[in-house]
Amino acid sequence: MVNKSTSGSSYKVKSPMAITIFAHLLFIAITTLVLVWLLHFREGFAFTSTNKPKIFNIHPLLMVIGFVLIAGEAIMAYTTTPTSRKNHKLFHMILHLIALLVGIIGVYAVFKYHDESGIPHMYTFHSWIGLSTIILFGLQWLLSFLTFLFPGARTSTRSKVAPWHALIGITIFFMAIVAAETGLVQKFIFLGLTRNQEGLIVNFIGLLILLFGISVGVTILV
């Protein structure tokens, strides 16, 4: 058992604003690198094209910027937005909904790419963890809406569910981080990248995503 009187002083973050600012800067850096990678090195993106990789490119764009970064911002909403608890909760849920919808479109894009390119579905660990993550994400959002925003939910029920909501939520978020990292490694190998400029950009995207995930995790300790 952890002694509550000592755990608070041991893990209390002394400058939460510095951590959140760092996370926001990582958000900007990751978004910039992903756009440079896909627009400059991978010919951009499109939902319909004879150049099939353009369809695939929608997948990393939406899964990283939408599903990982916006979901991370949703988790940090309680420490970055100066407003009431009720507005915090609403902002948190809206950002998660945006992340979910963007993630669904990203998954649709990669399935569309596989169909049109004659590539089998769901044969890598990345695809397994990625699809599992978005399904759990959707279930978590629906149950959270019914528990915390739906008018009929009891206060006692909300109090009991809240710790589990936080634990499951951060677990799903780090599953999304794992999915992003494995996806980048998989793409790095499939493209045959080495120590060239594109390879460095892909590696730096992975490194910054890891740092972003750690930053989001640290804000929960505030």
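Heads up, the Cβ atoms here are built off N, Cα and C, so glycines get one too.
Over the domain 'Cytochrome b561' (22-221), the average per-residue pLDDT in this prediction is 93. Among the features that TrEMBL reports, domain 'Cytochrome b561' is placed at 22-221.
Outside the transmembrane segment (21-40), and at least 6 residues removed from its termini, the chain residues within Cβ reach (under 8 Å) are 57, 60-61, 64-65, 69, 72-73, 76, 80, 198, 201-202, 204-205, 208-209, 211-212, 215-216, 219. Taken from TrEMBL, the feature transmembrane segment applies to 21-40 (among others).
The feature transmembrane segment is assigned by TrEMBL to 60-78 (among others).
Here TrEMBL flags 90-111 (among others) as transmembrane segment. Proximity of distant same-chain residues to the transmembrane segment (90-111), defined by a Cβ-Cβ separation under 8 Å and at least 6 residues beyond the stretch ends, is recorded for 47, 55-56, 58-63, 65-67, 70-71, 73-75, 77-78, 81, 83, 121, 130-131, 134, 137-138, 141, 144-145, 148-149.
Sequence annotations record features per position, and here TrEMBL assigns transmembrane segment to 123-149 (among others).
The annotation transmembrane segment is assigned in TrEMBL to 161-180 (among others). Counting only same-chain residues 6+ beyond the ends of the transmembrane segment (161-180), those with a CB under 8 A from a CB of the stretch are 63-64, 67-68, 71-72, 75, 126, 129-130, 132-133, 136-137, 140, 144, 147-148, 206, 209-210, 213, 216-217, 220.
Sequence annotations record features per position, and here TrEMBL assigns transmembrane segment to 200-221 (among others).
Outside the transmembrane segment (60-78), and at least 6 residues removed from its termini, the chain residues within Cβ reach (under 8 Å) are 20, 23, 27, 30-31, 34-35, 38, 45, 88, 91-93, 95-96, 98-100, 102-103, 105-107, 109, 130, 134, 137, 169-170, 173, 176-177, 179-180, 183-184, 187, 205, 209, 212-213, 215-216, 219-220.
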